[in-house]
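What TrEMBL records for this protein:
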type: DOMAIN; residues: 26-105; note: domain 'Mur ligase N-terminal catalytic'
type: DOMAIN; residues: 115-299; note: domain 'Mur ligase central'
type: BINDING; residues: G117, S118, C119, G120, K121, T122, T123; note: ATP binding site
type: DOMAIN; residues: 321-446; note: domain 'Mur ligase C-terminal'
Amino acid sequence: MKTMSLEEMTDLCGGRLIAGASSSPVSGLSTDTRTIQPGEVFLALKGERFDGHAFAEKALEKGAAAVIAERGQLREMQERLPDDGGLIEVGDTLAALHLLAQRYRAMFHIPVIGITGSCGKTTTKDMLSAILNEGGKALKTEGNLNNLIGAPLMLLKLAPEIKAAVIEIASNSPGEIARLSSILNPTGGIITSVGPVHLEGFGSLEGVMNEKCSLAGFIAPDGFLVINHDDIPVERIGSGFKGKITTFGAADSADFYATAVRQDLKNGAEFLVNGREPMTVPVAGLHNILNALAATAAARELGIDFEQIRCGLRRFAGCKMRMEILDLRGITAVNDAYNANPRAMRESISTVMAMPAARRILVLGDMLELGDYAREAHRSLGLFVGQLGPDLLYLMGSFADEVRAGAVDAGLQANRISCFARPEEIATSLREILQPQDLLLVKGSRGMRMERVLHLLNEEG
C-alpha cells in the first residue's frame, strides 16, 4: 500500500476521524495484531467467534497509527485507548474495508484480472502471474486471501511499482462473487470451471453456474472474459456483457486448446497450443493443462506474446498441496490434499492412474460441503475409482463406506479397500505395505487435512 495520511484513509473508508492527527502517515492496513507493523491502521473486524475491538489497545501498543472501529463500540474504546491513539469511526468495519479497497483500487490504472471457478483458481492465478512477472512486477493473491475479507486486503497491496494484478475470488454462498467483483472492478476475468462445489450454499449446479458467471457483470465494456468451453455455454454469460469472450477447453472448438500432449508426474506436461505453439508446465494432469490454457488465453488478451507466455509457464513453481510431488524413500507421493470436490477428485485420480508405477495406492478423504448431494457424490466417486482399479484404496471420513460400496459395485475387490478413522492409522498401515516404485495419491477436502498422513510418514521415516 502506498503511504497516505490518516485523513486520506478516513475519507477512503467513509469514516470520521475522532482522534489522532489528520496528517499522521499511514503505511498500510492490518486486521491482525500478531502481524501488525508500526504505522499501519488496525481494522477491528467482527465475526461469529471474534471481535477485533477487543484488540484495539494492543494494536496501538504495537505502533498502529489508528484504529478503525464501529460506532457502537466508540464510548468503551475511548475509555481504554491512550490519549494519543488515533480513532476512526465507521458504521460497519467490513463495509468500510470494502469501500476502502474499492476506492484504493480505482487509483491504479493497470490490468486487474479476477479469477473464479469451482476448480483451478489458484493454479491458474499462479500461472498467469508467472507470465505477467516476465514483463514487470505483478501482484497476485497470497494464500487463501480470496474471500470477503482477504480479496479486499489483497487490493490494498497495490503499489506504484505494480504493473498488473491477478486476484482470486471465491464464494460459498450466493452474491459473494458479485460483491467482490464490484470492489475489484476487473479489466478482465477468468472462470476456470463450474462444478458441484459448496452445494450446501448454492443448492444446485445451476446455482454454482449463476454465481460464477456473475463476474461478467462487473467487467468493463472494453475488457475480456475467459471461460471454460467445456463447462459454460457462451450464451450463459448474457447479452449484457459487452466485452470479448474467449474460450479454452479440451476440444478444438475452443479458442485455445491443447494437442500433442506428453506428460509424467516428475517432469510435468508438454503440449502444443492450438497445434502450433509449444508449451511446457512443470505439473502433470489434463486439468493443469486446461489451467495453463486459461492463463494463456488471458495473457493473449493482455497483448502478451507466446514467447513470454512460454517463459512464464516454464518458471511456474507449482502450488503447495496441489499435485505436489514428494519422494518418500523411493516411493512417489502426490500431495493433492489442499481441497477436493467431485470433479477435482476425478481429475487427480485419473492423472495418477495413468502414470506408470509398481502399484497405485489412493488415500482419499471426504469431500465436504456437498449438502444433500454428499452421499450420492461419494457413492459415484467409488464407482469411478472401482472402474479404474487401483491396487489399494484407503478411505477416511464420514462417507468412506459410501465410497467403498461404490468401488465394490464397480468390481474392485473388497480386500483392496480399507477404511480408517484417523490419519495415524493410515500412516501405520502404509508403513507396513509401501514398496519402492509405489505411487501414492493423498487427497481430500481442506477440513479433512489429509496431508497429515504424509507428515506422519515422514516423521516415522
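Including glycine, each Cβ sits where the backbone N, Cα and C put it.
TrEMBL labels come from automatic prediction, so no person has curated them.
In the three-state DSSP classification, T122 (ATP binding site) falls within a helix. Around the Cβ of K121 (ATP binding site), 22 further Cβ atoms fall within 10 Å across all displayed protein chains.
Using a 10 Å Cβ-Cβ cutoff, C119 (ATP binding site) registers 25 neighbours.
Taking all protein chains in view, 27 other C-beta atoms sit within 10 angstroms of the C-beta of G120 (ATP binding site).
Sequence-ordered, the extra residues of this chain that approach the ATP site, with Cβ no more than 8 Å from the Cβ center of G117, S118, C119, G120, K121, T122, T123, are I115, T124, T192, S193, N291.
Secondary structure at G117 (ATP binding site), as computed by DSSP, is coil. The Cβ of S118 (ATP binding site) has T192, S193, V194, G195, P196, V197, V208, K212, N341, R343 as same-chain neighbours under 8 Å, each 6 or more residues away in sequence. Counting residues of the domain 'Mur ligase N-terminal catalytic' (26-105) by DSSP class, helix then strand then coil, yields 33 helix, 19 strand, 28 coil.
The helix, strand and coil residue counts that DSSP assigns across the domain 'Mur ligase C-terminal' (321-446) are 55 helix, 33 strand, 38 coil.
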